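Undergrad: Straight from TrEMBL, here's the annotation block:
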DOMAIN    5-33  domain '4Fe-4S ferredoxin-type'
DOMAIN    73-104  domain '4Fe-4S ferredoxin-type'
DOMAIN    105-134  domain '4Fe-4S ferredoxin-type'
REGION    261-287  region 'Disordered'
COMPBIAS  261-274  compositional bias 'Gly residues'
Amino acid sequence: MAERTGFFTDTSVCIGCKACEVACKEWNQLPDDGFVFQATSYDNTGMLGASTWRHVAFIEQSRPVPGGDEGVERWLMSSDVCKHCTHAACLDVCPTGALFRTEFDTVVVQPDICNGCGYCVPACPFGVIDRREDDGRAWKCTMCYDRQRGGLEPACAKACPTDSIQFGPLDELRERAEERVARLRADGHEEARLYGESPSDGVGGAGAFFLLLDEPEAYGLPPDPVVTTRDLPAMWRWAGAAAVSAVGAVALAFLGPRGQRGSGGSRGWGGSRGPLGPLGSRAGGGR
Ligand code: SF4
Ligand code: SF4
């Protein structure tokens, strides 16, 4: 297996240009999202979806900017994407094998194998994977699997003018992110934190992790995501035990009384003193 690759999205340097969204759409030939004017934001795509595999959120906040002028409000910009979870529930529940783990330890969906059942959609703890309305199949970021196989970096990382999206070996990215957080905190951004970088979190660590300047909820991210299939092995064990118990109870219900009657030997229905036995005996004896 090749070295695990990932994304480190440093939201502290994102300028909201959406070049990443456009590059993703262009490379992957994704259709538009309908050009909807949200009215609440300059953000026109709204959220991740079947045709939006990178989504740059604009979050307007009324709070002092560290080191900034009094009364200045801040915008948080963050380019969200599939987290390529270490424990990926979407992959766990896919019945056709359309979702698979690549040699780069990323999670990819193969549209020609997806049957549109949609099991993966509620399984994702981040609400990432989505079905397209026209054909029902599921789609999401592939971390440009085709480009990686050709030795190229993903299109979004290539297009990002500020290096907000960094691509590379995951271990290296984690080290780089730790240094960046330490520097930001030293500069007075005490709220700087990493999200999804820890292998001990609820999804075993994300292949695409983030540097945030606020709580995850401010960016629409779950604060403590857990792989939704975590309890499946225990549930299967319980289901198996219940099935064995049910079969045992049915077997007892049918076989138990017969077993008791059978143990009665000649005194049971099938014994020589049954209805035919004495009749037969009488018949024989009378003639
Ligand atoms: S973020 Fe969702 S779609 Fe992406 S790998 Fe994790 S579970 Fe699957
Ligand atoms: S290309 Fe980079 S700077 Fe522009 S919106 Fe995307 S992440 Fe932000």
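Each Cβ is built from the backbone N, Cα and C atoms, and glycine gets one as well.
Where the annotation comes from TrEMBL, it is an automatic prediction and has not been curated.
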Undergrad: Taking a Cβ cut-off under 8 Å, which residues six or more beyond the ends of the domain '4Fe-4S ferredoxin-type' (73-104) line up next to it in the same chain?
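TA: Answer is 1-7, 9, 11, 14-16, 20-21, 48, 53-63, 65, 110-111, 113-115, 117, 119-120, 123-126, 128-129, 138, 140-141, 143, 145, 148, 156, 160, 164-165, 196, 199, 203-210, 212-214, 218-221, 227-230, 232.
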Undergrad: Check the domain '4Fe-4S ferredoxin-type' (5-33) for me and report the mean pLDDT.
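TA: Reported value for the domain '4Fe-4S ferredoxin-type' (5-33) is a mean pLDDT of 96.
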